[in-house]
Amino acid sequence: MRDIKVLRTAFGILGNVFGVLLFMAPMITFKRIISKRSTEQFSSIPYVIALFNCLLSVWYSLPFVSPDNLLVTIVNSTGAGLEATYVLIFLIFAPKKEKAKICGYLFVVFSIVSCVAFVSLLAFHGNKRKLLCGFAFTISCIMMYGSPLSVMRLVIKSKSVEYMPFFLSLAVFICSISWFIFALLGKDPFILVPNAIGTLLGAVQLILYGIYRDNRVVVKKDEMNESIETRTGELQDKKLAYNEDA
């Protein structure tokens, strides 16, 4: 029993390390936004969704909702602070119309999080509270982990990993599998399910990288524009991360 607890803690710490690295990855993008004083073609939506996920994750992992999840609280509190900073930078440098959209997104996010928090506190107790918060947390995690699908589609279509950096894909895989094992050892299905999906998607990204790593062709302009529209700016983040690594 003690060995399982120690092992669970070890995987939780590993998940924290790679989780923080993933949260810090967009700093390359925001360094560019601040230097140019413009958000250009980048979208705030991925960061708003990540903030939404972090807030629900923190709430779910609090002791009065889900005991023994302190490591989840730590990494997602850090993530919430970073994602809030990214969204704030968007609010400073985005055009007026975009600022209004961001405020609208934030209103929806804080309304849902507040609703889940108040309902879980006032109307539910014990396992019922954990169930409500767990479902909300799981759905938000799946939304976040689903974001790389469009990049994977672009890799298959262009037969190039130009916009899918290896180390970013590796970090996603290690982070997801760490939390998957953490949840498995702790018998927590709400952490286990989304991280199982994240592990699968991370593994597929690594497989695609192995298949197309030698095919660094230039993606056509129309494909680039299509990806920017469908992926709401995240593709550019990947490209910047790749150039920084190179």
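All residue numbers here begin at 1 and follow the chain in the order shown.
Just so you know, glycine gets a Cβ as well, placed from its N, Cα and C.
Residues or ranges marked as transmembrane segment by TrEMBL: 6-30 (among others).
As annotated by TrEMBL, transmembrane segment applies to 42-62 (among others). Nonlocal intrachain contacts for the transmembrane segment (42-62), taken as residues 6+ away from its ends with a CB within less than 8 angstroms of a stretch CB, comprise 23, 26, 29, 33, 69-70, 72-73, 76-77, 79-80, 83-84, 86-87, 90, 94, 98, 101-102, 105-106, 109, 112-113, 116-117, 120, 130, 133-134, 136-137, 140-141, 143-144, 147, 190, 232-234, 236-237.
Under the heading transmembrane segment, TrEMBL lists 74-93 (among others).
What TrEMBL records for 105-125 (among others) is transmembrane segment. Distant neighbours of the transmembrane segment (105-125): 44-45, 48, 51-52, 55-56, 59, 65, 87, 131-133, 136; these residues of the same chain sit at least 6 beyond its ends, with a Cβ under 8 Å from one of its Cβ atoms.
Annotation source TrEMBL lists transmembrane segment at 131-151 (among others). Within its own chain, the transmembrane segment (131-151) is flanked in space by residues 46, 49-50, 52-53, 56-57, 59-60, 65-66, 112, 116, 119-120, 124, 163-164, 172, 176, 189-190, 193-195, 197-198, 201, 205, 227, 230-231, 234-235, 238, which lie at least six positions past its ends and keep a Cβ under 8 Å from the stretch.
What TrEMBL records for 163-185 (among others) is transmembrane segment.
Look at TrEMBL and you will find 191-212 (among others) tagged as transmembrane segment.
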